[in-house]
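Feature annotations, reproduced from TrEMBL:
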type	residues	note
DOMAIN	1-150	domain 'C-CAP/cofactor C-like'
BINDING	G69, S70, Q86, Q87, F88, R89	GTP binding site
Amino acid sequence: MVERPVDPKDYTFSGLKDETVGRLPGKVAGQQFIIQDCENCSIYIFDHSATITIDDCVNCQIFLGPIKGSVFFRDCKDCKCIVACQQFRTRDCRKLEVFLCCATQPIIESSTGMKFGCFQYYYPELALQFKDAGLSIFNNTWSDIHDFTPVSGENNWGLLPEDAVVQDYVPLPSSEELKAVRISTDATRSIIPITRGRRQKSSDESCLVVFFAGDYTTANARKLIDEMTGKGFQLVQTKEVSMKAEEAHRVFQQHAPEFIPLLEEGPVVALEFNGDGAVEGCQSTINDVFSGTKVFVSESKASASQDVENFYNFADMQMGM
């Protein structure tokens, strides 16, 4: 099969007004994409890409599927977005509201009135697009914003309300072509687990759970999240990261010897749950549901906060945060 040359026009939306446009799964296939000079538009990229730049857009609603590298918003205002990426940056923007999944610390520069929430979206092709973009669904620092140009006494960013409904911000596409994508914005179906991030914790009790690499790691982590959130506990943060033996000693302490052999299989997935009784809740759920699986879970409320701190200190260093 002859590769036809890439035509930049196929990967650009430019100068549009009052339009609904997009790309279906498979149509961008890891290329870079450019969005510029659009006004009052609804734009949907239902595929993975290399990088995306968004320049001079006003009053647009934008969905961007997994981006392997960076997404860069410049000179945009009054836009509502859903974005998954490795790196997120804005410059000279105002009033952007973003449901974000970002593997590294998001950066804003010379930008004001920025609001962030946790990425919440599902369509059948999305999980594979995350894999193709090299992104883990468990590495999402959506609320850990770095403001490059802070102004003393002012806050250039904040978090969206906890009960913010995704479709109120970025409605489902109205065009016939894009309606073919089977979307759900239901929190329980989201490809990315909904985390509290930097929001106030409801309790002083947290619990660390670590799953080790294997065929069912992702499914097991999701199942535990469903079970625990179903019982009223909150998922604070998640992380997928590789560990070495000496790091395991720091995190798992006296239990390290039983877990160290499992580290060679691949990265671990860690979850922090919060709520009164979280430790006991995790322990009983794991005993009931994952009896045959080796899982690290905090032993007591007293040791749990140290477990969480030890693990995330190590993970943040590893991720270069």
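Glycine is no exception: its Cβ is also placed from the backbone N, Cα and C atoms.
It should be emphasised that the depicted structure is a prediction, and the values quoted were computed from it without experimental measurement.
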- request: Give the number of CB atoms, excluding that of S70 (GTP binding site) itself, located within 10 Å of its CB.
  value: 17
- request: Run through the Cβ atoms and count how many others sit within 10 Å of the one on Q87 (GTP binding site).
  value: 17
- prompt: Which value in Å gives the longest Cα to Cα span across the GTP site residues G69, S70, Q86, Q87, F88, R89 as recorded?
  reply: 11
Check: same-chain CB within 8 A of GTP site center, minus G69, S70, Q86, Q87, F88, R89: T51, I67, V71, F72, C85, C102, T104
Query: Can you name the residues of this chain that are 6 or more positions from F88 (GTP binding site) yet have a C-beta less than 8 Å from its C-beta?
result: S70, V71, V98, L100, C102, T104, P106, I107
- line: DSSP assigns the residues of the domain 'C-CAP/cofactor C-like' (1-150) as 11 helix, 73 strand, 66 coil
Query: Can you count the other CB atoms that lie within 10 A of the CB of Q86 (GTP binding site)?
result: 19
Field: Among G69, R89, which are binding-site residues, the residue with the most C-beta atoms within 10 angstroms of its C-beta
entry: R89
Query: Over the domain 'C-CAP/cofactor C-like' (1-150), what is the model's average pLDDT?
result: 96
